Every structure is written in C-alpha cells, then in structure tokens.
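Engineer: So TrEMBL says this about it:
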- 140-154: compositional bias 'Basic and acidic residues' (COMPBIAS)
- 190-225: compositional bias 'Basic and acidic residues' (COMPBIAS)
- 100-145: domain 'CWF21' (DOMAIN)
- 140-163: region 'Disordered' (REGION)
- 183-225: region 'Disordered' (REGION)
Amino acid sequence: MTRAAVGPVERRRRALLLRNTTGSRKSTVYALSYDRRIHESFRDTMSSNVGLTTPRGSGTSGYVQRNLSLLKPRDQAAPYTKDYDQIKQYRHRQPDKEILEHDRKREIEVKVFELRDRLEDEGVDEDDIDDQCDALRKKLQKEADSSNERLDKSKARHLKQHQVHELAAAKIEESEKLRKALGISEDYQEGSHWKRQEERLREAMRKDADEEVERVKEEDRRRLD
C-alpha cells in the first residue's frame, strides 16, 4: 500500500505502533485500543453529518465537507385551512368603497374642469364661471347619490381590465339582480341542496342499520325461546 493510498487514521495507527515498539506489550495494546476508539468516533461523527467536535487526536484537520445530498426535515403543518366547505364556497371579491368613491368624485371634477375650460375660452366672467361650476358639481353629485353608486349594464360593459374594483362592483350588482329574478333567498349557500340530500341519505342509512340490528336481535330472541 503506497503512502497516497493510506488514510489519516491508518497513518495515525502506524505512528502509534512505531512509537511504542520499544515499550511493553501493554502500551502497544493501549495504543491499538486508543486508535480504535478514535477511528470509531471519527466514523460515527462523519456519518451523522455533524463533524468532529475537536480535531485533536483524530489525525485529521477536523474539516468535514457539508453533505449536499442531505434533506433537512420540513414542517409538516400545512398553512391552510382544513375547512373544505369554506374552501369550496365561492365568494365575490369585495370592491374598495373608498376607491370607488374617489373615482366617482374624479369623474365629477373632470366634467367640472371641462366646463370651466370651455367657459374661459368663451371669455365668461370669473364669478359666473364659479357659479356654473358649483351648480354642475352639485347636480352631478346629486345624480351620483340617487344612483346609489350602482353601475348600469352599458357602463359595466365598457370597463377596462385594470378597473378591478369597478368590475367587482358590477359583478356583485349583476349577481344581485339575477338572485332577485330567480327568487333566491339572501342567506342561500351554494351546494346546500346537495348537502341536505347527503344528510337525508346518511340518516336513512343509519335508520336502516338500526332496523337491521333490531331485526337480528329479535331473531336471536325467538331462537332462544
């Protein structure tokens, strides 16, 4: 065996044997047992992916390469709800009322600004411009309040994809109209009809099982009599 093929533990064992050649048999046996303990400790710590606590007496530098193939255990708890009925239940995305109010006021101010710009081009007096703008603002505000912030069908059709809150409000309004047209109650939950059928089927199966148990008991009682 060449020196290149000899490991650090083997070199340590040979050095201990050479050092104790002139000593007694007891010292040689002690050296071998000490070397065996070092080898076992080195083997255990290397295999457990921990590394040596100290390189002293191991015949190595104490460097242990990280095991890249080791898979660390992960948390098994899933961060989701286990209520499957709640997961299956469909919910409309609720729009932000503040954003809708801001957009509504913005549309009013845009129309008021257009009126002001047109009147200024016509050379109307500043006081008259302010009066007409205030009157238009109050009129548009009253119309918006009377409509109760509802989007009509023609306006909802022209909404852009980025207007998520307006689209959500239009979808809720459309669903509400459809619910009233079909006569569906407000507290209706999707899938409740099938759930009631499953409950009735389960109750019937339980009743049949109880009747079967009673029938078997009655037959056993008659047989014993």
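Start at 1 and count along the chain as shown; that gives each residue its number.
Just so you know, glycine gets a Cβ as well, placed from its N, Cα and C.
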Engineer: Tally of helix, strand and coil residues over the compositional bias 'Basic and acidic residues' (190-225) according to DSSP?
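Structural biologist: Helix/strand/coil tally for the compositional bias 'Basic and acidic residues' (190-225): 33 helix, 0 strand, 3 coil.
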Engineer: Give the mean pLDDT for the domain 'CWF21' (100-145) on the 0 to 100 scale.
Structural biologist: 87
